[in-house]
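Single-structure report; data block below.
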Amino acid sequence: MTQADNTRSTNKGKMIQSPVMERVQAILQKEMVREFLAEFISTFVMMVFGLGAVAHMVLRENTLGSYFAVNVGFGFGVTIGVHVAGKVSGAHMNAAVTFTNCALGYLSWKKFPVYVLGQFLGSFLAAAAIYFLFYTAIMEFTNGNLTVTGPIATANIFATYLPDHMTLWRGFLDEVFLTGMLQLGIFAITDKRNNSALQGTEGVVIGILVLIIGVSLGMNSGYAINPSRDLPPRFFTFIAGWGTQVFRAKHWWWVPVVAPTLGAYLGGIIYSVFIGWTIPREPQIMENPTEYEDHQLPKTMPHHTTTPSLASVPVPTSNKSSIRPVPPSNDSIRIQQF
């Protein structure tokens, strides 16, 4: 085949692939698709680091891991997740946080199933990844007997289970309280009208918040504080060989779904009422609008000229202080960065 033939063949291949790639790119650039993928990937990252830390603690009986290491794994897993998806979807990684933002008007309800589906799928696949990565260690530890309770229980690598000293309803209240603290902290960290974290450090601060909750309050119920963290891996263990006992043990399975959702909502309301509503709003009017109008572009513009943004309009230094840009509406503000 001559070089010309090769060139023609390559060009044909490009012509065939180009429309396909354009369609794929157009689909991936849709807002809902981008947010779904962002929640999927960020939740996957968070869960891989968190569940991997639990696997070390359980399978090596605190010799290669520890409870503190589990808190570090989940805390900084959240941090990396925020960096992965924070500018795309807000990196909720938590169905309770998504529900609260929808309920309080910070996120459209039509996005709720998109976010939750992405989170659940990412969490489920993270559990599958940890299972396959640690498969031989799990089989060695259990002698092939996958159990939910007892000295060689391994289902707790993937989901939370209530310890003997806790009753079901005490565990429920525990999850409500912990998730309320989480949501209150997230709103405080991301509220630009309050003493928020420095721009770019929100992920680290939220990761530290999760770490502190685990270290100080996590003993009683395993601090699921997230339906997306608990339910999908539980389904995976049901499929992978642990059986129906993952849902029967103390009838706990529904608590990490319902209690965190209620707790996050209450925590969001408490922050909004006692802190958010008490912060005075800055006036959104210009002190001297006549001076600003002198520097506006003329109303008649040639057709070939594009209208520049406000930032490109020359304004003398003496007048800059008189201009107060109006902040964007709530729909464009992502205060739910988790």
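Each Cβ is built from the backbone N, Cα and C atoms, and glycine gets one as well.
Remember, predicted model here, so these are calculated numbers, not experimental data.
The feature compositional bias 'Polar residues' is assigned by TrEMBL to 303-322, 329-338. The region 'Disordered' annotation in TrEMBL covers 295-338. The annotation transmembrane segment is assigned in TrEMBL to 36-58, 64-84, 115-134, 168-190, 202-225, 252-277.
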Legend entry - seg_contact(the transmembrane segment (168-190), the transmembrane segment (64-84)) with at least 3 CB pairs under 8 angstroms, min sep 6: no
Legend entry - Top Cβ-contact partner of the transmembrane segment (202-225) among 64-84, 115-134, 252-277 (pairs under 8 Å): 64-84
Legend entry - Same-chain residues at least 6 beyond the ends of the transmembrane segment (64-84) whose Cβ lies under 8 Å from its Cβ atoms: 38, 41-43, 45-50, 52-58, 91, 93, 202-204, 206-211, 214-215, 218, 337-338
